[in-house]
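Residues annotated as signal peptide in TrEMBL: 1-21. Annotated domain 'Neurotransmitter-gated ion-channel ligand-binding' per TrEMBL: 29-187, in sequence order. TrEMBL lists 229-251, 258-276, 288-311, 354-374 with the feature transmembrane segment. Residues or ranges marked as domain 'Neurotransmitter-gated ion-channel transmembrane' in TrEMBL: 234-313.
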Amino acid sequence: MNLWIGSTLLWLCWSSKLTRGAHYNDQLTLLNDLFSSSRYDRRLRPVLDSNTTIELSADVSYGSIVEIYEESQTAKLDLWLTMHWKDLLLTWNTSNYGGLSELQLRLSDVWYPDIKVKFVVGDSKIAADDTPITLSSDGSLKVLFLTDITFRCLLTISKFPFDEQSCSFYLFAENTLKEDIYFTNTSMSSKEMGSGQWHITSAKTTKLEISGISFLVVNFMVKRRPAFYVIYVLIPTIATAVINPVVFLIPPGSGEKVSTAVTILLSYSVFLSVISDVLPQTSTSISIVSLYVVTTQVVSGLYTFLCVLHVRLHSSYHVPRFLLFWISKHNSVDNDPPGKESCENLVDKLDRSLFKVFFTLVIIVSTSMVIYLVS
């Protein structure tokens, strides 16, 4: 029994060696037949008729996370690009080569379209000679390019931080015309890779012809996740703008009126510096949030100026001439001279009036901005 088992195992090992040997010999024979110098030259386009167009099929897969660099207006994306085409000179009958239907080669072994990326930052070539490629018996070639590309992405930041951007790059075969190589079937798919500040909401490919060259346009719609900027920039900015008019309700004699106004004025510089650090310097649009911060900062400066005048007027016995009319209408005794008590009453009335006016304006402007951003 043990002798029979040992003989069987020995026969299986010997037969598997024969199979591997035969398979290797089939591959070697096939390679010699396909790539003999008299039959194939990888420098030439593999068509029997020069008028034949090579059809390229592209499957584009991308990572769900995209990095947007606002300062340089560029985007970085992980890309899986699968290309398919047929080489009519690299076909064989599988029965003549032990049923061998596929060969694993290197890109440098065959002719291939020199695919490049337009509007990319850095090296535009994505094909490397040592990239693995699969050759089938019917001449079909399949290659997968794994790369991360950085390409230009002009940003429209008017709705920051609720902005959505459209970014595109072009794939094309260098030094070839549409009559030589043409993109046919294309598909898009995404690969989940966690979360980031930006996420891709949609993607599509479009075939385009420019100056007789076939291009494949890959377009992405990317949306910012606004939570960080809403919590740390937008809400504090709006809250500060709403609270700012309250400085008019601080009694001038408390000694805190002007200092509070100055403190709030300086806080806007912090908000503006945070926003300017993440927004491009050469954008064609202006962030409505930046415009809001600048406007409220200017108004806050006006608050500070008015607070200084009110404090000075509150402690003064002399009323400016342009305010005498106001005093004459609000004084309880028309013939009383405008003394210190009249000045204090005047300041109180001015403070209450200015608070109502500016508080109402801030609420209207802030609400309008929020509606614009989220719409």
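Cβ coordinates come from backbone N, Cα and C, glycine included.
Unlike curated entries, TrEMBL annotations are predicted automatically.
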Same-chain residues at least 6 beyond the ends of the transmembrane segment (229-251) whose Cβ lies under 8 Å from its Cβ atoms: 160-161, 257, 260-261, 264, 267-268, 271, 274-275, 289, 292-293, 296, 299-300, 303, 306-307, 310, 351-352, 354-355, 358-359, 362-363, 366, 370
For the transmembrane segment (354-374), sequence-distant contacts whose Cβ falls under 8 Å of one of its Cβ atoms, 6 or more beyond its ends: 159, 161-162, 238, 241-242, 244-246, 248-249, 288-289, 292, 295-296, 299, 303, 306
Counts by DSSP class (helix H/G/I, strand E/B, coil) across the domain 'Neurotransmitter-gated ion-channel transmembrane' (234-313): 67 helix, 0 strand, 13 coil
